[in-house]
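Residues annotated as repeat 'TPR' in TrEMBL: 426-459, 498-531. According to TrEMBL, the transmembrane segment annotation covers 7-27, 95-116, 128-145, 157-173, 185-208, 228-251, 271-291, 303-321, 326-345, 357-377, 384-401.
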Amino acid sequence: MKNINKFFLIKIILIIFCLALAIFTAYHNALNNAFVASWDTGYYVIGNPNIKAFNWENIQWMFTHFYMANWHPLTWLSHALDYAWFGLEPWGHHLVSLIIHGFNTVLLFVLVIVLMSSANKSFNNQTLLAAGCAAILFGIHPQHVESVVWIAERKDVLSLFFILLALLSYVFYNTSRHLSWYLSALFCFVLALLAKPMAVTFPVILILMDVYPLNRTVLTASAQPDKLSLLIIEKIPFFIFTLFSIIITLVAQEQGGALASIQGLSIEMRLLNAFNSLIFYITKFIFPLGLSPYYPFPSTLDLIPVITCFFITFLCGYSWYKKKYYWLITWLFYLVTLSPVIGIIQVGGQAAADRYVYLPTIPFYILLGIGIAKLLYAGKLLKLGTLISFLLLSVVLVQLTQKQSLVWKNDVIFWNYTVAYTPTTPSVQFYLGNAYLKEGKYEKAIVHYHLALSLEPRNKWWYENLSIAYIKLNRLEEALALLKQLIELKTEVDYSWDNIYYMIGWIYFKQGLLEPAQDSLTKALEINPENKGARELLVKIPLTGSKATRK
């Protein structure tokens, strides 16, 4: 890095400008997107009172409370700053996420330059090309749209920002052995954990980097390796913070009801889905078509992904034997960084999610960049073919990213797209019904609520919202029949029943049936004395009755 002259600095600046231009071209449509309020953003931003005033009380809340089954105070801080600057204007929130993604792309560019220059003991045009190609593919790949465009996933881009800073600091520490760089790596790692606990795998990443490309161990070192005791002692503080983050995350997920039980999803199913997801993500990396915000569990799972994973491991092991260390390190990096979200400890109802590969696929881009750069320095014909292929690939990826960004335009477009991808998932039909309900398109909402009911007949939420849609259309008898049917089913869900009895009482009240209205409202208040609507309506019933008597 010391050998960089002004000419190379100009090239670096030009490449960074090209990176920024490519990212803006790929993602500029997202700046016109609304919030997808029904997919966590409504809770994370719109309905979160703790980010709407940047004061000491709210900052304390961010660091001392779980919310949405999570604990990531730095992410809440970023949302609070967004709100302070832009209020609830979606474009501002999207702009900040896009800028952070841009910074991540530039940091990856710099990281590749530093690693290659350190390994080759020199800095040249091929290094620049490799870093530039790796960064641009990372910056425009449609598999990252979910992490960048979904406002509730701010934690992804923010966490990776600090992970990349921590990696750079660690590489500089390895070169200089200055304590300041070590402390910088540790500090950035802690910030990454505070943004998103998926960063818990970072200490293992450091161990992998010690092996290769930093060559600090006897496994790969051509010269004198570092002492094993030093390598272990260096990692202890990182593992201490990792343990703390794992404990607090599991507690938050458990208290928030986000962990799936073994009864609901067997260990065998989780393991098979984990192997399936490993191959699924690689497939989407190579062919980023048919991306979806929600991937349901497949109806059947076979052993082909398991066999494929073991075969890849065998090939990487053989490459290690041939001293091509990067293949096994890349594969292990992918496995390790995906492990928290691979589904062994199942969080949420999805089988996979695009946002999970924002960090794990980074070595793929680095290897691609290095490979493309080597081809560009081959014979003239191969160089021309590589250049044309790379430009065409970049154009295709930009177009796919532009298209995928529009999926997140608003709730109706988002859920229509998701329903088209997975029409047999009841919750997806339900959310599309909610989107139509919010827009006042009650007939369309009813259609999708009925579809949700047909797929999962014993879910109280479907009944309740379908009843609301009927009430909005003044179809009170249908709403009443539905609510009575729900009570007869006695479905077991984690939700208070007081609102159901309140709705029944409200319908009776509108129909002039005051005695059954009073009974239902009283029942609602017995369940939940804080039900304001039931209490206020119950007060009106004697007055209404006395007026009717006087007439």
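The backbone N, Cα and C atoms fix where each Cβ goes, and this holds for glycine too.
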Exercise. Do at least three CB pairs under 8 A connect the transmembrane segment (271-291) and the transmembrane segment (128-145), leaving out pairs fewer than 6 apart in sequence?
Worked result: yes
For this session: With a Cβ cut-off under 8 Å, give me the same-chain residues at least six positions beyond the ends of the transmembrane segment (326-345) that come close to it.
Result: 197-198, 200-201, 204-205, 208, 211-213, 250, 259, 270-271, 273-274, 277-278, 281, 312-313, 315-317, 319-320, 351, 353, 356-357, 359-364, 366-367
Exercise. Should the transmembrane segment (95-116) and the transmembrane segment (357-377) be scored as in contact, given a threshold of at least 3 Cβ pairs under 8 Å and pairs 6 or more apart?
Worked result: yes
For this session: Could you give the residue numbers and ranges of same-chain residues that sit at least 6 residues beyond the transmembrane segment (228-251) on either side and whose C-beta is under 8 angstroms from one of its C-beta atoms?
Result: 66, 70-71, 182, 186, 189-190, 193, 197, 199-200, 202-203, 206-207, 210, 216-217, 259, 345
For this session: Would you mind listing the long-range same-chain contacts of the transmembrane segment (303-321), meaning Cβ under 8 Å and 6+ residues beyond its ends?
Result: 272, 275-276, 278-280, 327-328, 330-331
Exercise. Hey, which bits of the same chain come close to the repeat 'TPR' (498-531), Cβ under 8 Å, at least six residues off its ends?
Worked result: 460, 464, 467-468, 471, 476, 479-480, 483-484, 486-487, 537-538, 540-541, 544-545
For this session: Take the transmembrane segment (157-173) and find every residue of the same chain, 6 or more past its ends, with a Cβ under 8 Å from one of its Cβ atoms.
Result: 74-75, 78, 97, 100-101, 103-104, 107-108, 110-111, 114-115, 118, 147-148, 181-182, 184-186, 188-189, 191-193, 195-196, 198-199, 202, 205-206, 209, 214, 358-359
Exercise. Going along the chain, which residues at least six beyond the ends of the transmembrane segment (271-291) come within the CB cut-off of under 8 Å?
Worked result: 141-143, 145-146, 297-298, 301-303, 305-306, 308-309, 334-335, 338, 342-344, 351-352, 354, 356-357, 360-361, 364, 397, 400, 404, 421
Exercise. Mean pLDDT over the repeat 'TPR' (426-459): what is the value?
Worked result: 95
